[in-house]
């Protein structure tokens, strides 16, 4: 069995062909195995072209016309654009380069929330839609808990972060339970916007602040992270348009193809991928630097984090050179990784043992 998974542990650079292969596998699995499998398992159910799962025109029904492509898939284009391309690609990279459990769990959460969205758009089942929205925001709270200590101040306390995270999660659960019904018919669509926007804007502002106050060498990570936030904010902006005039545009101009919703999903997929890569980079090049960890670009434009061979051992080696420093940097009282300067016997100068990765 180890031989089967040994290619995932390679430390070589990813190629464009490899990326395409991963995407092809993901698309094939979700379209053929999952969509096709559901169609096979429900082959004896009555199909009248307008009703199948029984939740049509309900709380979570989007403007896209239902059952226009497949008789068992309510919102076909929303389903195929919700395939977890970003999450599964991130998970593949996490397994291939052996990211630590903190990053691996985040990748699993990305796959989970998009898979929930995949089946939510297929069935329009209200509890599953609620789980999807809760999962998305749980993902963001997990990142907040694991990384917000970098902002310094009270957030350096694990207890404070835990209290804030748990309280926010309970508020989110209550909002998911109550807000959609407040909007009445198809209230889930505007509720998505109202509940998600504060979290997206807060995360983006946090990324902007970190980029402004970080060291120069860290801007290569926090810059794309800010771009990820901007893309997610833009997706929320398109969601506003969808809520205000989505049904009108769908009926008058778009026909069966939900232009706004596909744009939203596309922006979110790109944003989530960048977010995942950069969070992994923060973990393995800044917070707990691993030997040989490097942000690479496939084809010169597609980022991913590559770890060198035996990089897990590099944590211990790199940790020797990390000197704790709570002094302010950029006006904050957050972390600071500085160089340890040592004297070598017989030398007149000093030797820098940099914490920078190879």
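Using the three backbone atoms N, Cα and C, a Cβ is placed for every residue, glycine included.
If you look up TrEMBL, you'll see 61, 64, 66, 75 marked as Ca(2+) binding site. Residue 64 (Ca(2+) binding site) carries neither a helix nor a strand DSSP state and counts as coil.
In this structure, residue 265 (Zn(2+) binding site) is part of a helix by DSSP. Counting Cβ atoms from all protein chains shown, residue 265 (Zn(2+) binding site) has 24 others lying within 10 Å of its own Cβ. The Zn(2+) binding site annotation in TrEMBL covers 121, 261, 265.
The annotation region 'Disordered' is assigned in TrEMBL to 326-358.
Counting only same-chain residues 6+ beyond the ends of the transmembrane segment (20-41), those with a CB under 8 A from a CB of the stretch are 70, 72-73, 79-80, 83-85, 88-89, 92, 118, 122. Residues or ranges marked as transmembrane segment in TrEMBL: 20-41 (among others).
For 69-91 (among others), the entry in TrEMBL reads transmembrane segment.
Beyond the ends of the transmembrane segment (103-122), by six or more residues, the same chain brings 30, 34-35, 38, 53, 60, 62, 72-75, 78-79, 82-84, 86-88, 90-91, 93-95, 128-129, 131-132, 135-136, 138-139, 142-143, 272, 276, 279-280, 283-284 to within a C-beta distance below 8 angstroms of the stretch. Residues or ranges marked as transmembrane segment by TrEMBL: 103-122 (among others).
Sequence annotations record features per position, and here TrEMBL assigns transmembrane segment to 128-147 (among others).
Annotated transmembrane segment per TrEMBL: 159-179 (among others), in sequence order.
According to TrEMBL, the transmembrane segment annotation covers 191-210 (among others).
Marked as transmembrane segment by TrEMBL: 222-241 (among others).
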Handout entry: Least Cβ-crowded entry, counting other Cβ within 10 Å, from the binding-site residues listed as 61, 64, 75
Key = 61
Completion exercise
Should one count Cβ atoms within 10 Å of each candidate's Cβ, the binding-site residues 66, 121, 261 would be headed by 121
Fill in the blank from the handout: Long-range Cβ contacts under 8 Å made by the transmembrane segment (128-147), restricted to residues 6 or more beyond its ends, are 59-60, 102, 105-106, 109-110, 112-113, 116-117, 119-120, 161-162, 164-165, 168-169, 172-173, 176-177, 180, 188, 191-192, 195-196, 199-200, 203, 279, 282, 287
Fill in the blank from the handout: For residue 75 (Ca(2+) binding site) and residue 265 (Zn(2+) binding site), the CA-to-CA distance in whole Å is 13
Completion exercise
Residues outside the transmembrane segment (159-179) whose C-beta sits under 8 Å from one of its C-beta atoms, at least 6 past its ends, are 130, 133-134, 137-138, 141, 144-145, 148-149, 187, 191, 194-195
Practice task
Excluding 121, 261, 265, please set out which residues of the same chain place their CB within 8 Å of the center of the CB atoms of the Zn(2+) site, keeping sequence order.
Solution key: 62, 64, 75, 77, 78, 79, 81, 82, 117, 258, 262, 264
Completion exercise
Candidates 121, 261, 265 (binding-site residues); nearest Cα to residue 66 (Ca(2+) binding site) turns out to be 121
